[in-house]
Structure formats: C-alpha cells, structure tokens
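Inspection log for the structure reproduced underneath, given as structure tokens.
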Amino acid sequence: MAAAVDEAKSKGNAAFAAGNFTDAVRHFTEAINLSPNNHVLYSNRSAAYASLSKFSEALIDAEKTVELKPDWSKGYSRVGAAYLGLNNYNDAVLAYRKGLKIDPNNEVLKSGLSDAQSGQGRGRGRGPSSSFGDAFSGPEMWAKLTSDPRTRTYLQQPDFVRMMQDIQKNPNNLDFYMKDQRVMQAFGVLLGMKWDTRTSEGGVKMPGGSPERKRRAESEPVKEEKRAGYKAQPVPQPEPVEVSEEEKELKERKVLALKEKEAGNAAYKKKDFENAVQLYTKAIELDDADISFLTNRAAVFLEMGKYEDCMKDCDKAVQRGRELRSDYKMIARALTRKGTALVKMAKISKDYEPAIETFQKALTEHRNPETLKKLNEAEKAKKELEQQEYFDPQVADEEREKGNQFFKEQKYPEAVSRYTESLRRNPKDPRTYSNRAACYTKLGALPEGLKDAEKCIELDPTFAKGYTRKGAVQFFMKEFEKAMETYQAGLKYDPQNQELLDGVRRCVEQMKKTSRGDLTPEELKERQAKGMQDPEIQNILTDPVMGQVLADFQENPKSAQKHMKNPLVMNKIKKLISAGILQVK
C-alpha cells in the first residue's frame, strides 16, 4: 500500500513540475484515496488546484491539511494562498499570521502576508475609476498568466515581469505600458477577453485610453528601473509541492537497485549464477516495487536447478505485481517461469497439470508465442506419459477379445468401445485398428473406418487385413478406382489372399458396369457428383492437356488414337470413366 501511495505521489510531483496541473490533481487524488490521513498529499493537491485557479477546492484541501497537521506552517501558507485567490484578504492575513506564529522566519509566509495586507489596502482605497484593478491583484494574476500559453513565455522576460509588478502595485500605471503588446495580451488574458492588440498604425488598441496618455506613452518611454520608489520583485511561481526526505531516499535507493540489477544481468550472462543471485537479492532489498528483480532471480534459480526457490520468487512477483498494478507482461513472465519450473519437476503425467494451468494463466495475462509453445509441449508430454503409464499389452489383448465377442454378436457399438480401450492400453497393435475399422464399416462410419485402416497399414505395411479393410471402405464409398489400387497394393505382400482377390474382382465388375453405361440414372448422377468432389478428378478436368484430349475424342478420331498410346493419358481417362464422368457406348 505504501509503495502505491509513493508511486502516485511521485507521478503527481512530476506532473506538477511539468506544468500539467490537471494530471497532478488526478495523481494526488489517487494517493489520497489510498492514504486519506496524509497531510502532505492534501497540501500538494491544494497547490495544484491553486495553479489551476480553482481556489475554492484549494482552500478545502488547505484547511484539511491544517486539520491533520496543525503545527505545520506549510498548511497555513496553503490556506493563505487560497484566500488570496478568492480575494478574501482579511482571512488570508489571519492564516499567514497563524503560520508565522509556528515558524516566524518563514519567508513564504512573510511574503504572503505582505501580499494580503497590500490587498487590504487596495480594497480600502479603491475608487470607481479603478474598475480594472482586480485583474492585477493577488497571486491569482501570476497563476492565470502561467496557465495561459499566450503569456506563459512572457514570464521568462524580466522587463515584462517588472512592468506587471509595477501595474500590480498601482493599476493606474497600466496607461504607461499600453504601447507594449505583451502587456495588452496579458491584460486580455486576465479579463478573459480577446481583442486585436494592433491598430492600423502599429500602436495598441485599448478601450478607455485617452489620446494624451497615448501620446505620452509614445513620446516618453518609461524607464522602470529609474522610477521613484520602484523595487523589482522576483517572478511569482506556483509554490512547489512538498517532497519529503523519504521520497528523496526512495529515489536514491531505486537508482542503486538498478545498478545492482545491471551487475546481476552481467553475471547471469557469464553464468556466474551465485554472484547473480546475490546481486539481484541486493536489488530486491533496495527496491521491492520492481518485480523484474524477482523474475530475474527466479531465472537464475531455474538455471541452477533450484526449482522450489524459482517458484517462490515467481509467486512473490505475481502477488507484488498485482498490488502495484504492474505491467501484465511482467506478471505473465513470472507465471511462465513458474510453469517452466513445474515442467522440470514433473515425473508423472499428473505433475504436468499444475504446469499447464500456470501456462494458461500466463496466456490470459499476455498471449506470448513462447508461453503458448511451452503450453503445447507440456500438454503433449502429459499425453505421452499418460499413454506410457496406461500401457499394458496383456490388458489390451483381453479388451480386444471382448471386442471380438461383441462383433460376433453384432453389437458393434460395444465392440468399438472395447477396441478403443484396448488401443489405450496398447496403441501400437495393428490388429485392433483393423478390427475397429471393420466395426466402423458395419456402422456406416466410413471416414472413421478409413482412418483406422490407414493407421493399421502404417503400423504394419505387410498386414493384409489393413488393405482389405481400407479397400472395403473405399468400395462402399464407391471410389472403385482407389479401392482397386488398395487391393493391388495388398496383393504385393500376400498374392494369394482371397479377400484381396475378391476385392479386385468386385472393383473390376463395377468399373466395367460404369464404362458400359449400365448404371441407372440415379446411380450415374450419384457417381458423377461424388467424382466431382474428388480432388484428383477435379485436377484432371482442369488440366488443359486433358481438355484438348477430350475434345479430340469428340472431334478428331485420328488424334484420339495417338492419345490412346500414351499410358498416362489412358490412366486418367480410366479414372474419369470409373467416376462416371465419361461413358463408353
């Protein structure tokens, strides 16, 4: 909590120093919400409000400062400044005097008291002719000129400052400076007016200025430094916010912590891990508000194989990061590092579960490709270990026999269930894939059956059953050309296998039937629709060479005879005939 207050306060100080008073108010308000009894925060926000000319708000915060810390002279300075801004000179005098009782030598209080007393005098001696005098009274004049971009730069020019101080002491002296465009621009800002400060002759256009006074201003320029009784005053600026000794010390500690971190990084690169741990530890002790020190030390522990220490640092980094509202990427980094340590410690499949969960949490903070890769690797490793832990060839055989019995009883769903359990126990048995493919075929789940048959062939390319299963699925899918190729591939390993030979015979019969056009219109339409979905058929039909060949068959018989001598062309024509796209009459 204290670190969050300090962080918000530091941001407010920085914004105030940069002249961003609205941001300063916001940051100080955030700090006050976290620490509502901190008198320095109310004092700082009062100064920010006063710089924005929000003197009512400044007064409320100033009075709260005095309430919390009645023996602090700075609070009375804030109260007096707020009353001055509100033109309440009597209360301002009282506030400054109270502050001087606590700190009689305080120059800020003395200066404020002088301004307040001058304001009282102007209020008593003001006549009807000084209607513009209020615009130049009190410190609010300087606040307005500072906040307006048109006049802010003028305050850096000593001659302008002297003229404004002279006018503030006696508003009637404005007539002597009307020729100066900067003064007139400032006058417009103070009155909240906009006008053209140039006449057609290059002079100053100002309502209420007499011709005699204009001529006097043109013919007798005033030399301020020689005016009787004139005394130059320093440029009033918004009173700076309070920076405590604790803040100064905190900044120094942060600088030292960063130096220790850089030294730790250098040691880590040299693989001097023991020294790196010591350096990162020093950085953490100096500044616990930067969680990168923790994540860096965790990385060192990870390299050293000290996984428990690594995870402790990662947990601290996540907890501290949430308290400080750190960058979500930093929190994700800590979680990823913890997940990596959990993976390193994993011995059984269940050990991967907390690692996977940690990686998933990291991805919710920040979707980093490296973290996603680690998650996928952990899930894959868990699955492989599960299979190894579950592997039992004896139980697999028992489950396969149960499946065979259900198959004989034509209880195909039950058979699929037993074959699946058998494959979990032994995923390398081609016989089980073959048997389950037969079940899927009976159930009409042809894509699943085809997949199992292909897996069976992959595990044992010499196992004839795999080819008969695959060929049967393709036959039922009416892909006779493909089924023929599958049966012929199986015959290479078992030339006398009757199932394979019968499969070839059935495919030949269907292909002849298609080529003779002995199909019903419904069968032909179905065959053509299925053929058009086949990528191989689509490639043949979109091939320009085959397009010319098909055109020659219809229009140029002599050229067609030449094409028939090309085995590649004839093979493609056979495929089109088998798919029902071409018919031979």
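Just so you know, glycine gets a Cβ as well, placed from its N, Cα and C.
Annotation comment: TrEMBL describes 5-38, 73-106, 257-290, 396-429, 430-463, 464-497 as repeat 'TPR'. Feature annotation from TrEMBL assigns region 'Disordered' to 111-138, 198-246. Taken from TrEMBL, the feature domain 'STI1' applies to 138-177, 534-573. The annotation compositional bias 'Basic and acidic residues' is assigned in TrEMBL to 211-228.
Through the fold, the repeat 'TPR' (396-429) approaches residues 387, 390, 435-436, 438-440, 442-443, 459 of its own chain, all at least 6 residues removed from its boundaries and within a Cβ separation under 8 Å.
Counting residue by residue with DSSP, the domain 'STI1' (138-177) contains 35 helix, 0 strand, 5 coil. With DSSP classes pooled into helix, strand and coil, the tally for the repeat 'TPR' (5-38) is 27 helix, 0 strand, 7 coil.
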